[in-house]
Amino acid sequence: STVLLFSSILLMLKNNLNNEINESFTSMIIMSALLLKSGAAPFHFWFPNMMEGLTWMNALMLMTWQKIAPLMLISYLNIKYLLLISVILSVIIGAIGGLNQTSLRKLMAFSSINHLGWMLSSLMFSESIWLIYFFFYSFLSFVLTFMFNIFKLFHLNQLFSWFVNSKILKFTLFMNFLSLGGLPPFLGFLPKWLVIQQLTLCNQYFLLTLMMMSTLITLFFYLRICYSAFMMNYFENNWIMKMNMISNNTNMYLIMTFFSIFGLFMISLFYFMF
């Protein structure tokens, strides 16, 4: 925030200093400060550690709401070469950083960095697609963090013993993981599909290939979690939590999961009907 404020003051004083201040350099500093504030690579180092110390609802705010203002300001600056570097680093670090994580909050943090790379890439070439992507990402993140918050889930080993006798709820949780990863035909694939179309129209094939490969890595560790949780039963870990299922919260979660899984079909049906 201090860097952002200082750079803004320099930019305002530019005319009074007989143009001795390089405007592009000042804009680059402002852009770097905004990328730092949004948690994009290579300024992401604070983000996973901050996420680890927050409650799930506060973590959700950090992953979604706190990114709106920086992204809006970045869309006005749009220094493409700096954005391109941040996009490449964000999708790579967001994918690789989540591979060996056992903390769900850090896993969601690196997933957020990866998704932020997709948003920044769409922001480079379109003023509206990144908003659509942000909306769907916020919804899918809310569905997962809502369930994590209800059952106080913070580590992967808790998922292995979670709902041993309730396979349906466990199944819906991992479908939401795959939807967040952008696997078709779930709802999370729709914003990625829009970004892919936009980058294809702009002939950004190298960037698009790199982003899709990073998404495959994120899907790999999501699928690894799903496989481990379904194929193995850790009955000795059942002491981790006593499940007091609040029916209203569970019903709300299942409704949101329905939209997460079948949302793409519903939107496609609505599109072809009207």
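Using N, Cα and C of the backbone, Cβ positions are placed for all residues, glycine too.
Here the structure is a predicted model, which means the values were calculated and not measured.
The transmembrane segment annotation in Swiss-Prot covers 28-48 (among others), and the record cites sequence analysis as its basis. If one looks beyond the transmembrane segment (28-48) by at least 6 residues along the same chain, the residues whose Cβ comes under 8 Å of a Cβ in the stretch are 1, 3-4, 6-8, 11, 62, 66-67, 69-71, 73-74, 77, 79, 82-83, 85-86, 89-90, 92-94, 97, 106, 109-110, 112-113, 116-117, 120.
Feature annotation from Swiss-Prot assigns transmembrane segment to 54-74 (among others). Using a Cβ-Cβ cut-off under 8 Å and counting only residues 6 or more beyond its ends in the same chain, the transmembrane segment (54-74) has close neighbours at 30-31, 34-35, 37-39, 47, 83, 105, 108-109, 112, 116, 119-120, 123, 130, 134, 137-138, 141-142, 145-146, 148-149.
Taken from Swiss-Prot, the feature transmembrane segment applies to 79-99 (among others), supported by sequence analysis.
Here Swiss-Prot flags 107-127 (among others) as transmembrane segment, drawing on sequence analysis.
The annotation transmembrane segment is assigned in Swiss-Prot to 128-148 (among others) on the grounds of sequence analysis.
Annotation source Swiss-Prot lists transmembrane segment at 171-191 (among others), citing sequence analysis.
Feature annotation from Swiss-Prot assigns transmembrane segment to 206-226 (among others); the stated evidence is sequence analysis.
Summarising the annotation, Swiss-Prot assigns transmembrane segment to 254-274 (among others).
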